[in-house]
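Written out below as structure tokens is the structure these notes cover.
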Amino acid sequence: MDLTITDVRLTPILVADPPLLNTQGVHQPYTPRLIIEVETADGVTGLGETYGDTKYLELARPFAGRLLGRSVADHNGLFTVMNGVDVDRERVVDQVDVGGLRGVQTADKLRLSVVSGFEVACLDALGKALGLPVHALLGGKVRDAVEYSAYLFYKWAEHPAGVAAERDDWGAALDPAGVVEQARKFTERYGFTSFKLKGGVFPPEEEIAAVRALAEAFPGHPLRLDPNGAWSVETSLTVAKELGDVLEYLEDPALGTDAMAEVAARAGVPLATNMCVTTFAEIPDAFTRGAVQVVLSDHHYWGGLRNTQRLAAICRTFGVGVSMHSNTHLGISLAAMTHVAATVPGLHHACDSHYPWQSEDVLTQRLTFDAGRVTVTDTPGLGVELDHDRLAFLHRRWLDDDGTLRDRDDAAAMRVAEPGWETPSVPRW
Ligand SMILES: O=C([O-])C(=O)C[C@H](O)[C@@H](O)C(=O)[O-]
Ligand SMILES: [Mg+2]
């Protein structure tokens with residue numbers, strides 16, 4: 001068996017995204033992703049997926065070239081190789097990440113987000129070569145299915161008039177009744193039983209009313225609200241008081257470890273984050289100050305599946321819960337998330353997934369949710385197959401774009417409907 005990498009193919013694509021609202025603005029009609037294919041000397045191909053914005057492509061291209069001749073089994077080596085890839089200073093000086101949802105941009109955050117897609121591709125190739133599923137390469141599954149939650153968004157019925165976009169059948173959700181209606185569709189279509197509402201869009205009273213309406217419509221079901229740090233400490237405390245009896249947790253109510261620690265100390269509701277703890281370096285301060293009770297890991301952020309397991313072990317040590325964050329990913333990443341989640345003991349919260357919002361994929365067969373769960377496959381590798389025609393079609397869309405959509409920018413997408421729109425300063429309320 002020859003595990004030497006002989007070819008790496010990088011295919012940036014644009015995939016349809018509905019008009020989902022968040023505190024920054026609205027999702028673009030098409031969002032960039034990068035599909036990674038790593039081929040071995042024996043002709044085995046591994047698949048990976050990560051962010052497709054220019055700043056990631058800039059790193060992925062030289063990185064891919066340096067992997068030729070290395071082994072798909074050398075996962076530690078990926079980090080060493082990536083450390084040698086220069087990050088343009090322009091990308092990290094005074095920059096926040098896309099949409100401002102992951103704090104200050106650093107060279108490491110960019111590098112790890114790229115490495116993650118390659119690590120998944122190498123694990124997929126290695127698993128296929130050895131005849132083992134990815135979860136077995138990670139030490140073996142401790143569960144046979146992984147539970148996901150319904151990721152509810154305030155949403156327009158369609159993208160602004162005149163904007164080229166795919167239509168969706170979810171309808172609008174701009175008030176409590178619309179949010180409950182969307183939640184019902186999620187339960188009917190996928191069987192989810194936990195609900196997360198993306199907040200920070202409307203004044204807190206309206207979002208409190210929406211969560212109350214969900215609690216009435218789905219009594220006893222786990223509920224979460226995530227304004228992406230849009231609230232002050234005082235507003236966060238008010239929301240926590242109003243919703244404390246129905247929330248499983250409040251997600252990133254305020255921005256930064258200082259504010260989160262203050263809210264956590266006084267709120268009486270557990271706080272979850274995918275914003276103030278997104279790297280290992282951020283853990284000591286946040287954990288010792290009790291700023292977060294659940295870390296929403298994301299293998300794209302943390303540098304892959306093995307780092308996700310390491311994060312989970314640290315969380316266990318500190319008595320902090322772990323679950324998963326997600327944004328606009330396709331089936332390759334959902335498969336990767338499912339494999340790693342299957343190996344993590346004590347996963348007490350249903351994981352987030354945007355997948356139901358992504359009507360387009362690059363797989364021959366979409367992954368499915370059964371009673372809100374994805375079954376953990378024992379097929380070698382990730383257990384998914386690339387549809388080359390679909391990939392070519394979505395890549396053609398990326399090639400045809402004049403550059404407007406190649407870098408996700410929710411505020412720019414919002415300006416199409418509201419010309420004066422600027423990314424709101426935080427705290428917004
Ligand atoms: O949980 C979260 O914070 C997210 O999923 C961040 C995402 O970027 C989400 O807000 C989105 O895509 O609008
Ligand atoms: Mg979040």
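Just so you know, glycine gets a Cβ as well, placed from its N, Cα and C.
Noted in TrEMBL for the protein shown:
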type     : residues                                                                    : note
BINDING  : H27, T106, Y151, K196, D226, P227, N228, N274, H325, S326, N327, H354, R408 : substrate binding site
DOMAIN   : 176-270                                                                     : domain 'Mandelate racemase/muconate lactonizing enzyme C-terminal'
ACT_SITE : K198                                                                        : active site, proton acceptor
ACT_SITE : H325                                                                        : active site, proton acceptor
Once near-sequence residues are set aside, which residues in the chain of H27 (substrate binding site), 6 or more away, have Cβ atoms under 8 Å from its Cβ?
D17, P18, P19, L20, L21, T328, D410, A413
Mean pLDDT, the domain 'Mandelate racemase/muconate lactonizing enzyme C-terminal' (176-270)?
98
DSSP three-state assignment for K198 (active site, proton acceptor):
strand
Secondary-structure category, per DSSP, in which Y151 (substrate binding site) falls:
strand
Close-lying binding-site residues around ligand 2 among Y151, N327, R408, where CB distance stays under 6 Å:
none
To the nearest whole angstrom, state the Cα distance for the pair K198 (active site, proton acceptor) and Y151 (substrate binding site).
7
Can you name the residues of this chain that are 6 or more positions from H325 (substrate binding site) yet have a C-beta less than 8 Å from its C-beta?
N274, L296, S297, D298, Y301, D352
